[in-house]
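**Student:** My structure is below; once you've seen it, I'll send some questions.
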Amino acid sequence: MTAPALARPYRKVRPGLWAAWAFLALVCCAALFPALFAGAPDQVDATAVLRGPGAGHPFGTDQLGRDILARVVYGARASLFVGLGSTLLAGAVGSAWGLLAALGGRAVGEAAMRLADILLAFPGILTALLVVAVLGPGTRNATLAITIALAPGFARIVRVQALVVRDSAYVRAAINLGLRPWRILRRHIVPNVLAPLLILATLNVGTAIIAGASLSFLGLGPRPPAPEWGSMLAQARNYLDVSWTLALFPGAAITLTVMSATAAGRALQARYERREP
Amino acid sequence: MPPLARWLARRLALTLFVLWGTATLAFAGMRLVPGDPAHVIAGGVQANATPEVLETIRAQYGLHDPLPVQYAIFIGRLVRADLGESYQLNQPVSTVVLEQLGATVSLAAGAAVLGFTLALVLALLTAGRPRAGALTRALEFCAISTPNFWIGILLLGAFSFSLNWFPVLGEDGPRALVLPWITLALPIAGVLAQITREGLERALGQPFTLTARSRGATENRIRLRHALRHAALPVLTLSGWALGELLAGVVVVETVFARQGLGQVVVSAVNGRDFPVVTGVVVLAALTFSVINTGLDLLYRVVDPRVRQAAL
Amino acid sequence: MTEPLVVVDGLSVDFTTRHGPVRAVRDVSLTLRAGECLAVVGESGSGKSVTARTLLGLAGQGADVRARTLSFAGHDLRRLGARQWRRLRGRQVGYVLQDALTSLDPLRRIGYEVAEPLEVHGLATRDDLDDQVVGLLAEVGIPDPEVRLLQYPHELSGGLRQRALIASAIAARPRLLIADEPTTALDVTVQAQVLDVLAARRDAGTALLLISHDLAVVARLADHVAILYAGTVVEQGPAAELLAAPAHPYTADLLAAVPSVEGPVPDLSGLRSAPAAQEGCPYAPRCPLADDRCRERLPEALPYDTGRLVRCWYPGGAPASVPGERSAVPVVPARAEPVLTVRGLTKRFRSPDGSHRTAVDDVSFDLAAGEALGIVGESGSGKSTTARIVLAEFEPDAGSVLLHGEPWSGLRERDRRARRSRIQLVDQDPLSSFDPRYTVEEVVAEALPRTRDRGERVAELLGQVGLDPAILRRRPGQLSGGQRQRVAIARALAPGPDVLVCDEPVSALDVTVQAQILTLLTRLRRDAGVSLLFISHDLGVIRQVCDRVAVMKDGKVVETGQVETVFRAPQATYTRALLAAVPRIGPGPRVPARPRVPEPVPVTDLKGPT
Ligand SMILES: Nc1ncnc2c1ncn2[C@@H]1O[C@H](COP(=O)(O)OP(=O)(O)OP(=O)(O)O)[C@@H](O)[C@H]1O
Ligand code: SF4
Ligand SMILES: [Mg+2]
């Protein structure tokens with residue numbers, strides 16, 4: 001059936017998607033201007049320790065009497081920093097790596113791909129742990145660790161995509177027209193390789209946020225007094241017998257953020273795929 | 001069968017190469033550490049070890065030798081499966097690892113079985129059925145987006161602390177394994193169910209499904225005898241990744257449920273910069289995953305006759 | 001006369017899609033008797049497959065099926081429940097889908113597929129199952145059935161796959177066999193063999209519903225023909241009369257558009273293309289006779305001649321297509337300088353198992369300025385490899401290509417790049433040759449030098465290939481197959497090339513669209529003076545476009561010469577066999593099943609680049 005797709009692209013209002021974008025906007029605002037949403041995250045209220053949600057402390061307080069709402073709001077920055085930072089870095093490194101592997105000639109390509117093979121031979125978390133072991137804990141190091149864990153995966157995908165595009169009929173057509181290799185690379189190969197990568201990267205932000213939170217849950221992220229969702233959960237774990245609401249809000253913050261980012265990424269992907277013939 | 005033998009030989013070579021590469025990266029990492037390894041061995045930079053103690057340590061661990069010699073010794077030991085001695089525990093790494101292996105394997109294996117079964121059942125029941133699919137899709141989406149330490153904490157809070165159905169701490173018996181298994185299984189089940197359902201639906205939309213229908217085959221026959229095989233292919237491709245996720249989950253879940261195991265070992269080794277232990281676990285993981293991936297690829301060749309000829 | 005086996009009266013099938021309702025089939029009426037063959041012919045999207053699938057209760061999800069009568073062997077199909085449908089499928093009605101590679105489960109052995117209907121309907125015991133399958137495979141002419149049964153679909157050649165599919169459809173001895181485009185994508189000789197297998201079933205008393213977009217294919221087998229256009233049967237009747245004297249303008253156009261290997265070459269420049277009308281006669285936008293009444297009211301299906309039904313206000317009024325003269329093709333002066341000189345080309349490829357295969361073997365030819373040289377051969381004969389060497393996509397292992405007498409093969413890419421625009425390609429699948437991010441305008445503009453009047457040049461080129469400038473900003477994915485091919489031709493013409501290499505440019509198109517593209521290419525050759533290297537598996541197409549032809553088999557050129565000479569008096573045995581296998585629409589009785597000749601097939605299907 002070769003019915004030309006002349007009909008307008010299909011659009012449907014999806015409230016879930018709107019909510020996802022709205023929540024992402026909210027998290028970004030919280031990360032940029034936390035003071036707009038809550039008081040100081042380190043202020044200790046010794047009279048109110050391990051309170052449940054209620055007036056004054058809508059999300060309750062922790063074992064030191066700090067306001068959980070404030071800590072959740074201030075924690076957004078670290079999570080987004082790790083999630084977005086490592087994805088961006090890994091995307092950039094992975095693209096260069098993959099393009100080099102695909103188009104950089106035989107020896108370079110082999111070397112680049114074997115390095116990726118090594119890094120991909122064991123789970124990303126171990127790579128990240130190894131990097132933290134070398135660099136020490138902290139937000140920046142956690143970001144680097146996750147970058148190094150993610151980059152080889154991106155590199156492999158970029159390489160495959162670049163090979164597909166390189167051998168595609170439209171690149172052959174461009175060669176046939178006598179266009180210079182540089183121009184073909186710039187006008188055809190790079191855009192067609194990177195467009196799907198962009199979507200993949202969006203889908204990956206959620207994974208990176210979870211990885212970052214996992215590292216700090218294990219005590220390998222930001223140092224303790226700094227508010228961070230993963231380390232808040234690690235502390236909450238120790239007071240489960242007293243108050244289980246302690247674990248509720250930071251966990252919900254992670255999950256909702258990841259869900260929103262993934263939903264947004266999938267929507268972009270669906271849109272892109274529909275545009276493709 | 002020569003093509004298969006050739007393929008296996010190539011895989012073996014690749015595995016050895018990966019092991020060597022992993023070990024080398026770990027060695028390089030060890031030497032990249034800012035500061036003096038002797039300090040680390042003596043109990044961290046803060047610990048005020050006397051110069052004499054540091055000197056003894058350097059001599060004991062061969063830190064005076066030039067790097068290439070150290071590297072050669074390191075690799076030489078590795079070839080003999082000697083992973084060295086833990087800085088912190090003063091025990092051979094292999095002993096430490098072997099002691100903890102059982103707990104971790106039973107945790108991971110149970111969760112893998114649970115996760116794959118759950119995914120398969122969900123996908124078979126909901127593929128090509130938009131209503132049922134929408135509900136499970138939403139659930140899977142939640143499972144995928146939730147970090148498993150939060151799932152673990154919630155389960156622990158609800159079923160152990162509030163309801164007292166399961167023991168709170170300690171790892172006696174299978175009852176203590178139930179919550180960790182569920183915690184680990186949910187996220188991978190979410191992903192695998194989606195992949196399986198997608199694979200089933202793609203297969204159900206293919207002309208050969210129409211052919212099978214036109215022969216009078218029942219819906220069950222079409223799903224189980226035709227579509228399922230096709231769905232198995234992407235699942236196999238993704239299984240290596242899913243098992244990796246599972247291992248990552250193990251590290252975290254052991255902390256949540258305060259269980260002993262390799263995860264705990266590796267986390268405290270990373271915290272204490274106990275490189276021999278970190279290296280040992282990483283090399284072991286690389287070996288395990290090379291073997292698992294080879295097995296999965298072998299299985300893929302069994303399921304899909306089309307790739308058998310291609311000498312990959 | 002026997003009772004009809006299948007009676008369809010007033011069948012309509014609508015689909016609810018997210019783009020709104022699609023009226024796939026409108027008011028179709030058909031009857032079919034045991035031992036007869038009814039052919040349903042129409043272009044892509046005309047509703048052939050939907051009609052056929054309705055008889056199996058497999059019209060598809062969201063299909064709304066309505067009919068005054070829909071019966072099989074006296075049973076009302078409209079009342080069947082799911083279980084009864086399953087008992088009918090395979091057992092009473094066998095179904096052969098179009099593309100055997102995707103219609104057989106690629107992960108199952110051939111034997112399993114053939115056995116499935118027997119198992120499902122409980123027609124075989126464990127012990128005799130294998131024997132039955134072997135018998136079936138032998139019956140459809142598959143050599144070494146005991147071996148084949150253990151093979152997978154990808155290990156068989158196209159013809160064998162198609163036969164295996166037929167074997168599975170006839171396994172339970174159904175009374176009706178539906179074959180949906182059973183020979184599309186097969187080489188002519190294989191096509192003829194597959195049709196013979198179907199003819200044998202028909203002669204054994206099975207009713208055959210044969211679906212095709214190709215009138216010539218069905219002409220051999222059909223007792224009755226129904227022509228489908230935009231979901232309606234525009235004309236139906238006994239095959240011989242209908243083909244000899246088409247009454248509906250669409251049938252006439254369809255017949256004229258079929259490229260034939262004999263007789264005069266018709267002038268098809270009058271064929272129009274436009275989407276079907278939703279109101280009134282669907283063919284009105286393309287019909288030369290259309291008037292206001294046609295545009296307002298859909299004509300009823302009215303009796304015409306003997307036993308024929310025609311849905312047209314002016315049946316039989318279509319002007320017979322004008323037989324053009326061969327001189328429509330410019331004759332090239334004999335002593336013209338060759339643009340392209342090809343000498344001794346040889347190219348070997350490695351197969352997956354490590355052995356070498358000679359795809360092109362010592363091929364030589366000249367292409368003069370303004371000349372059209374056809375290369376014809378079956379799949380795997382090395383046509384496309386030759387084309388790609390001429391395009392310098394890769395180097396030959398031996399031999400050389402000269403362009404205007406200067407070296408073309410064996411150069412460094414840098415030295416060739418400036419002259420690359422001299423040779424351009426028009427491919428079989430134009431869509432994949434466009435950057436998916438580009439609009440039509442960008443696609444064509446890329447082929448032009450960056451001058452100020454580039455925009456005007458693009459519009460001019462589109463006009464030249466008969467495209468409306470309104471599509472400039474569309475993406476090729478939104479165009480129809482014919483429009484895409486025109487865009488590809490416009491791009492190929494943009495740099496003003498000397499040679500246009502056309503690799504199967506029309507084989508994915510409906511015949512009327514195909515005729516239009518061929519007319520366009522012929523006109524462009526005359527106007528732009530460009531030489532054509534025209535590759536096709538279709539002898540009729542070659543004859544319509546080319547002055548000279550080279551026949552290839554297994555990488556070698558077995559015969560070259562003027563088209564008329566070669567077609568009238570073929571010298572090589574292979575050319576003769578090829579010409580004999582070409583389906584023809586001719587007067588005369590239907591062809592009885594020929595004795596089967598097993599097709600010689602290699603153990604594994606080695607495919608060269610296509
Ligand atoms: N399941 C479906 N849902 C929606 N529309 C459909 C469906 N199946 C077919 N159609 C539409 O019905 C029309 C007729 O389709 P059909 O497949 O019968 O055409 P055809 O004549 O067999 O074409 P081809 O030669 O390309 O096989 C087309 O417009 C097609 O898009
Ligand atoms: S009804 Fe009119 S428009 Fe339709 S085919 Fe006949 S003459 Fe042409
Ligand atoms: Mg069809």
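The backbone N, Cα and C atoms fix where each Cβ goes, glycine too.
Heads up, TrEMBL stuff is auto-annotated, nobody curated it.
Here's the feature list from TrEMBL:
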DOMAIN    B:101-300  domain 'ABC transmembrane type-1'
TRANSMEM  B:107-127  transmembrane segment
TRANSMEM  B:148-166  transmembrane segment
TRANSMEM  B:178-196  transmembrane segment
TRANSMEM  B:231-257  transmembrane segment
TRANSMEM  B:277-300  transmembrane segment
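Each of these features: where is it, how hidden is it, and who are its neighbours?
**Tutor:** Long-range Cβ contacts of the transmembrane segment (B:107-127) within its own chain (Cβ-Cβ under 8 Å, at least 6 residues beyond either end) map to 133, 136-137, 140, 177, 180-186, 188-193, 195-197, 200-201, 204, 223-224, 227-228, 231, 235, 242-243, 246-247, 249-250, 253-254, 259, 261.
Long-range contacts of the transmembrane segment (B:178-196) within the same chain, counting only residues at least 6 positions beyond its ends with a Cβ under 8 Å from a Cβ of the stretch, are 107-108, 110-112, 114-116, 118-120, 122-124, 127, 136-137, 139-144, 146, 148, 151-152, 155-156, 159-160, 166, 231, 234-235, 238, 242, 245-246, 249-250, 253-254, 256-257, 259.
Beyond the transmembrane segment (B:231-257), the same-chain residues lying 6 or more positions past its ends with a Cβ under 8 Å from any Cβ of the stretch are 104, 107-108, 111-112, 115, 119, 123, 127, 147-149, 152-153, 156, 169, 171, 176, 179-180, 183-184, 187-188, 191-192, 195-200, 202-203, 263-264, 266-267, 285, 289, 292-293, 296, 299-300, 303-304.
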**Student:** Can you work out which residues elsewhere in the same chain, 6+ from the ends of the transmembrane segment (B:277-300), have a Cβ less than 8 Å from its Cβ atoms?
**Tutor:** 8, 11, 14-15, 18-19, 22-23, 26-27, 30, 78, 83-84, 86-89, 93-94, 96-97, 233, 236-237, 239-240, 243-244, 247, 262, 265-266, 269-270, 307
